[in-house]
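Swiss-Prot lists His9 with the feature active site, tele-phosphohistidine intermediate. Taken from Swiss-Prot, the feature active site, proton donor/acceptor covers Glu87, and the record attributes it to sequence analysis. For 8-15, 21-22, Arg60, 87-90, Lys98, 114-115, 183-184, the entry in Swiss-Prot reads substrate binding site. For His182, the entry in Swiss-Prot reads site 'Transition state stabilizer'.
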Amino acid sequence: MTKVVLIRHGESVWNKENLFTGWADVTLSEKGIEEAKAGGAELKKAGFTFDKAYTSTLTRAIKTLNLVLEEMGLLWIPVDKCWQLNERHYGALQGLNKSQTAEKYGEDQVKIWRRSYDTPPPALEKSDERYPGHDPRYKNLSEKELPLTECLKDTVARVVPFWENVILPDIKAGKKIIIAAHGNSLRALVKYLDNISDADITELNIPTGMPLVYELDDNFKAVNKQYLGDPEAVKKAMEAVANQGKKK
């Protein structure tokens, strides 16, 4: 049985402030640093090791991965930083407070923007400083690849081919892989691995800093998954993520 580990970055400073983050590049909070270290400790305790790691081009995921690998004594393994694993782009919502946005537009609308499969938030203008085309890390991407906004369906459209064409060949070659990414890029991957319907994906929330272990069968299809750590703590963390888009 093949195993692959997914981990959402630890709490970021914008998670702490309950802001829509998307492709905005913010760092980890103190709590997020501790979450990442704890995730690494859980993996080490459970006897995991890795040959290669994948993460996004965003600081919060890269730092999380480094902290996990440091806890495990694995900072030396190769790491690929890939924009395809970035968080979904939240468009014109990036930088706005989720609770205040719920006050303005209503909780139902914010839940649709946050959790629906195919309804994107309002788009950015290309002149907006938040447009990824202004960021040097994306200078090699085509205009078509640079989002003005994204729904989860758009995120699936970049994450799943990356899994199939880049990550899965490494797994098939026998490499032990860890992926450190984001709430929605991981929701996109989990949707694919677990064959979750467009409707049911609305209720899926992924907690920060908690390793999610997938078991794959001989055909590299997911047959089991489990969070490492205390089940009650996992449940509470999922509920906290779900409540972020509600009015105060």
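Backbone N, Cα and C atoms are what each Cβ position is placed from, and that goes for glycine too.
This view paints the features noted in Swiss-Prot onto the structure.
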residue: Arg8; record: substrate binding site; DSSP (3 states): strand
residue: Trp14; record: substrate binding site; DSSP (3 states): helix
residue: Gly22; record: substrate binding site; DSSP (3 states): coil
residue: Glu87; record: active site, proton donor/acceptor; DSSP (3 states): coil
residue: Lys98; record: substrate binding site; DSSP (3 states): helix
residue: His182; record: site 'Transition state stabilizer'; DSSP (3 states): coil
Nearest-integer angstrom distance between the alpha carbons (Cα) of Arg88 (substrate binding site) and the residue listed as 'active site, tele-phosphohistidine intermediate':
14
Starting from the Cβ of the residue listed as 'active site, proton donor/acceptor', draw a 10 Å sphere and report how many other Cβ atoms land inside it.
26
Cβ-Cβ distance under 8 Å to His9 (active site, tele-phosphohistidine intermediate), same chain, at least six residues away:
Leu28, Gly32, Ala36, Leu58, Arg60, Ala61, Lys63, Thr64, Ala180, Ala181, His182, Thr208, Gly209
Which of the binding-site residues Arg8, Glu11, Trp14, Gly22, Lys98 has its Cα closest in space to the Cα of the residue listed as 'active site, proton donor/acceptor'?
Gly22
As a test of the contact definition, list every same-chain residue at least 6 positions from Trp14 (substrate binding site) whose Cβ is closer than 8 Å to its Cβ.
Phe20, Thr21, Ala24, Val26, Gly95
Using Cβ atoms only, which residues of the same chain lie under 8 Å from Gly183 (substrate binding site) while being at least 6 residues apart in sequence?
Arg8, Glu87, Asn205, Ile206, Thr208, Val241
